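Shown next, in structure tokens, is the structure this report addresses.
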Amino acid sequence: DGEQALQASLSVKEKLQIALCLEKSGVDIMEVGFPISSPGDFKSVQTISQKIKNSRVCSLARCIEKDIDVAGEAMSASNSFRIHIFLATSTLHMESKLRKNFNEIIDMAIFSVKRALRYTDDIEFSCEDASRTTIDNLCRIVEKLISCGVKTINIPDTVGYTIPNELSFIIKNLFEKVPNIHKSTISVHCHDDLGMAVGNSISAIQAGARQIEGTINGIGERAGNTALEEVIMAIKVREDILGVSTNINHKEIYRTSQIVSSICNMPIPSNKAIVGSNAFAHSSGIHQDGVLKNRENYEIIDPISIGLKKVKLNLTSRSGRAAVKHYMNEMGYKENDYNIDELYTDFLKLADKKGQVFDYDLEALAFINKQQDESEYFSLKFFSVQSISNNLSTASVTLLCGKKIYTEASTTSNGPVDAIYQALNRITHFPIVLQKFQLVAKGKGKDALGQVDILVEYKKRKFHGVGLATDIMESSAKAMVNVLNNIWKAKQVNKNLKNLKKQ
């Protein structure tokens with residue numbers, strides 16, 4: 001379902017990579033494709049069903065014989081699999097889309113279930129647009145489907161129209177009015193058009209649903225689907241209220257989220273619950289002080305529990321002395337190594353100008369007192385890039401290093417940005433490894449600025465760089481020069497500290 005949000009279909013290899021991540025995460029069932037839709041999807045379902053051993057694979061099919069047969073064929077190599085059939089049951093869909101009455105819908109559903117049972121005894125049936133289906137009709141078809149052998153009844157909020165108490169009412173009515181309801185697992189499949197997919201899913205659990213359908217990062221048609229990582233952690237954190245648990249390996253959540261984001265080329269919003277970059281970040285001085293004293297003061301989830309290493313304290317003008325001391329302590333400095341009052345005063349000045357301050361900035365303030373607006377050691381004077389065939393590029397850069405100017409041309413590189421970075425590296429000889437490159441448009445149209453944010457590793461330390469220009473190559477070059485200056489400042493700190501120790 002999540003693939004419907006993408007501008008381009010995923011390859012078989014990409015889908016398999018995601019499926020293996022889901023298996024490692026411990027998901028019970030994964031719906032891996034709609035094999036009738038294309039030869040590529042058939043191949044994906046076939047390949048994944050052969051590789052996955054610890055999760056049950058599932059294939060989607062309409063109430064059409066050919067769909068069901070192809071779904072069964074695609075998963076025939078798997079030891080155990082599920083066929084998921086769907087058919088609309090709301091009056092609106094029956095009349096305007098299917099042109100059928102409810103009795104005909106029931107007949108189609110029963111025929112399709114019997115067809116699917118030829119391939120597997122694990123059948124799931126979705127009453128499409130169930131949340132807008134009259135409760136009497138829904139109860140009637142659910143009872144007949146269970147009698148036919150359907151093991152999982154799915155209640156989709158197909159257009160994200162329902163609010164939590166409505167979905168809870170539907171689920172409770174099924175348990176009250178369908179006599180054989182306990183022979184089947186009740187599932188819900190919620191969309192996020194009104195921003196209530198997760199809330200609806202939790203409400204359904206409280207009403208008796210025991211399967212939640214969703215996607216990693218909530219990607220999906222229109223506004224998306226239930227974000228699995230949010231439901232999973234809600235169940236874990238509020239098990240005292242919900243009284244249920246999952247088989248998920250929670251420490252795989254963050255890693256899986258990042259992999260899905262990367263493969264699908266869908267960045268995770270910084271304020272995204274559970275997996276956003278700000279989910280465990282603290283900027284307020286009061287909050288930072290509280291977290292340092294006891295994490296539970298301002299965090300209901302331990303970041304380690306989802307695969308993150310530690311809490312993130314953003315150093316901004318809102319940070320207090322406690323956060324500054326914490327960062328200095330993390331870098332191995334004792335309080336008598338620096339003057340906290342002077343450092344904090346300089347820190348606030350820098351934070352007002354720079355926005356976010358990093359650990360190496362604190363070192364520079366404490367030991368060489370170098371402000372961001374002072375002249376930098378490295379300054380980009382000129383650059384040019386030439387792209388040739390087969391995505392290869394060469395670059396030439398002129399860099400001011402202190403008072404000396406150096407010009408260097410890179411050898412053939414894999415792309416223009418890499419060519420620029422190689423040329424800069426030939427001048428500075430800093431053994432850096434690029435770990436993250438992010439481009440964000442600032443504004444609209446041809447004159448929009450492009451901001452490049454990069455993260456590199458240098459001698460086991462992380463350094464950030466930012467570049468802003470209308471030309472992406474220039475933004476990229478400026479970002480790397482920013483990194484080089486940050487590294488240079490850190491090197492100066494080390495020199496000063498060594499000199500102090502000699503004295």
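Even glycines carry a Cβ here, placed using N, Cα and C.
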Looking at Mn(2+) binding as recorded in Swiss-Prot, which candidate out of ASP1, ASP28, ASP418 goes with HIS189, HIS191, ASN225?
ASP1
Could you check the binding-site residues ASP1, HIS189, HIS191, ASN225 and say which one's CB has the fewest neighbouring CB atoms inside 10 Å?
ASP1
Which residues, in sequence order, are found in the same chain with Cβ within 8 Å of the centroid defined by the Cβ atoms of ASP1, HIS189, HIS191, ASN225 at the Mn(2+) site, excluding those residues themselves?
PRO156, THR158, CYS190, ALA197, GLU213, GLY214, THR215, GLY220, GLU221, GLY224, THR226
